[in-house]
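Copied from TrEMBL, the annotated features are:
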{"type": "REGION", "residues": "1-101", "note": "region 'Domain I, interacts with DnaA modulators'"}
{"type": "DOMAIN", "residues": "182-323", "note": "domain 'AAA+ ATPase'"}
{"type": "BINDING", "residues": "Gly193, Gly195, Lys196, Thr197", "note": "ATP binding site"}
{"type": "REGION", "residues": "374-494", "note": "region 'Domain IV, binds dsDNA'"}
{"type": "DOMAIN", "residues": "401-469", "note": "domain 'Chromosomal replication initiator DnaA C-terminal'"}
Amino acid sequence: MSNSNFLWEIILRELKSTVDPHVFDTWFSGASIDNVDFMKKSIVITSKEALISQFIQGAYDQKLKEILKKNTGFDFNIDYTSLDTDIPLITPHVVDEKPAAENLIRQNFLQGDKPSGAQHFYQKQTFPLEDYKHPVPNKNITASKKNPTLNKNYTFENFVVGEGNAFTHNIAWNVAVSPGGIYNPLFIYGGVGLGKTHLLHAIGNEMEANFPDFKIECISSEKFLNEFLASIKPMKDKNNYTNADEDFRRKYRDVDALLIDDIQFLSGKTETQNAFFHTFNELQMNQKQIVLISDRSPSQLNDLEDRLVTRFSQGITADITPPDFETRMAIIKFKCEQFDIKLDEETLTYISSNVSSNIRELEGVLKRIKFTATSKHEQPSLSIAEEILKSAKTSPRKNISPDNIINVCADFYKIKVDDILSSSRKKEVVQVRNIAIYLCRELTTLSFPSIGDCFNKDHTSILYSFNKIAKLSKDENPEIFEDIEVIKERLGKI
């Protein structure tokens, strides 16, 4: 085996373990390495088509260089070519980003030394696609007011970038400034509380700023489902029925960008999947940008039609992983400024070392520190942080069962356990059931299907209930989250 083939086999082996299978098969299966020059530290990667080379260069250049460095010890320069010589390859270049965004990221990432490999996080790279006809803004749309489907609090400027999200952040930025190119669709996936929804709305907000006349729809898959069901609901007046169906189709097909959260919720919904399939096809055919958010990769979406899974993987799939120590420190500093909490470096380090799961948990700890300090008429301190985190650790997840959670919720809200486990749609019962399901997911290691077994419901219903609580604003619904904190404390005493 030649050096080129041997090196390519090593690269492919590492890529296959980290890249979604559909993405790997689509973009890397037909590529190869040519002209390895260890003296000049350069290699050439050749693909069958220029489109494939452009995609690999734009999305995976840094990753490939990291793999080469890891396995050879050298910093290689990579050139990209294709067997299709009709379309010239385009070299990516760094463009100036908004000063406010750069300053905020620099300020909130790390005070002091930057972690290894983090330097490139401070610049956003765009990859111009001169061979693509970018979508023309819909001039029939009058931007009389800001898009109500976008959360203006979620922007690129206040998204803290770290090792676990830098690649996805960079791709998201490219989509926002150059929609409808090779990063279409963009499929972002990752665990709860890692910033997926933040990026989704940041894309929409940035796109709206760059293309004021664009029509952008940013919705949950639940809303898409509900509107689809309403559009096909039988009506006595046939004309009204037809209009409702047509209105639904036009609403989602006459957009410049469609951003959908929790796309996994379409699992098992055959008719809705069919409607989304045709919507997806029309948008992609017209080079309209599609961004999808999920809690798992396309290949892990059960009960979803293969044709949808395939299309979800045609553009680029990017994941977000839990933040490392340095990123948690940056997030904590940013949140302290946002929540007006003053903590010394020792306390910041202690929190970052002891809270490692997700951003929401970090936010929860900081809010509890502020609440406790205010209640005691003290300044936030290391001792208060230790008290709160020690209390949280007195009830490790493995010792809390769904039965414990259901019983404590029933006792706290003074309703029967049987009511929680029933199919009752009474508002007060549904609310407690949703909280119990949310806590089962947050405080145990059980999957959504396993939690469903405890409540005699399918995993999509469980996911729906979980999101009903997880997506609430803590600032707008303080009573609910205060209840949840009390329930957690009671569970810690079991």
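Glycine is no exception: its Cβ is also placed from the backbone N, Cα and C atoms.
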In sequence order, which residues at least six apart in the same chain have a CB under 8 Å from the CB of Gly195 (ATP binding site)? Phe159, Asn165, Ile320, Ile359
For ATP, what surrounds Gly193, Gly195, Lys196, Thr197 with a Cβ no more than 8 Å from their Cβ centroid? Gly190, Val192, Leu194, His198, Leu199, Ile320, Ile359
Here the binding-site residues are Gly193, Lys196; which one has the lowest number of other Cβ atoms no more than 10 Å from its Cβ? Gly193
Run through the Cβ atoms and count how many others sit within 10 Å of the one on Thr197 (ATP binding site). 19
